[in-house]
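Worksheet: one structure, shown below.
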Amino acid sequence: MRALQGLRGPRAPALPLFLLCFLAAVRRSLEDGLSTAAPFTSLPVQEEITTKYSNLSSESHNISVTAAPYTSLPVQEEMMTKYSNLSLESHNISMTEQSNMPVEKNITLERPSNVELTCQFTTSGDLNSVNVTWKKGDKLLEDNYLVNATGSILYTQYRVAVIGSKQMGSYSCFFGEKKQHRGTFNLKVPEINGKNKPLITYVGDSVVLMCKCQDCLPLNWTWYGVNGSVQVPIGVPVNDKYVISGKHANETRLKITQLSEDDQGTYWCHAIFELGESEGHVELVVLSYLVPLKAFCAIVAEVVLLVTAILLFEMYTQKKKKPSGDGKEFEQGEQMKLDDSNGIENSGPRHRKNESVGQ
């Protein structure tokens, strides 16, 4: 056994107890230090991620507070910066809590523009309790508007870059929930002025129809005729019957020659703008020459009937007067005859009596 122990080698001496306690304390302190310093080890990684995805972190911040109206500022600044070369138009609507009638304002836009729409609402109540919303038509708008208060006036502003027909339409601001006050901005392209009254002409004549746009320059003009309920474009001259021209860019003329009754109806003129289309119409009435002749004959007939009635009335009144005069003369003549006959009769018997007495 001793020989075997000699082969195994000397036995390792045992560590003192105080040394074991010291090592255990050092180990415990190291573990506590590591656990305490762990959160700070994430700082370099966090800074690296923040730097790498700085845009995303900013966007997530805006989204996290979308309930506040001021969160639209970054989007609004981005839109206005992107289309900063466009002209800026500002429009305002004022409302009070005493009036519940909606307020509307029409805005005419011919070309792309940045539009700033402002609604102000005067109230004696708490401005913070007034809910403010915006709508485009029936669609709720959740960005691009601001809300601010000064004294007893609550302001809200909506900005939109109008670059096409999709941005046109009605934009409405609402104050309150149950008892709402509404202001509406109607964004439209310029109106086309045709002719309000029908244009009357005759068969075989020529006529010129005109549409005009005040203070605007359309990109293109197009004329349409109506065939039943379908609009038919008029673009190619047919036997020189239709000629489209215009002295100025803001007007268009349609000349129609060799008119017939089939040419009468409604003619539409379309103007094309960058932001949409607008149209006007002209009503054309084509008459034959028999129509005025019929009217003339009718007038002559009425005059003849009137003159005849007057003559018959005069004749009737004259006849009514003549019998009364003749009757009086007849009565006077009869009375004179009667008197004369009575005188003769009275003198005759007397003469006979005298004769008989003489005999």
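From the backbone N, Cα and C atoms, a Cβ is placed for every residue, glycine too.
Taken from TrEMBL as is:
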| type | residues | note |
| --- | --- | --- |
| COMPBIAS | 323-340 | compositional bias 'Basic and acidic residues' |
| DOMAIN | 102-173 | domain 'Ig-like' |
| DOMAIN | 190-288 | domain 'Ig-like' |
| REGION | 319-359 | region 'Disordered' |
| SIGNAL | 1-28 | signal peptide |
| TRANSMEM | 293-313 | transmembrane segment |
### Query
In the domain 'Ig-like' (190-288), how many residues does DSSP call helix, how many strand, and how many coil?
3 helix, 55 strand, 41 coil
### Task
Looking only at the domain 'Ig-like' (102-173), report the model's average pLDDT.
91
### Query
Quick one: DSSP breakdown of the domain 'Ig-like' (102-173) into helix, strand and coil?
6 helix, 45 strand, 21 coil
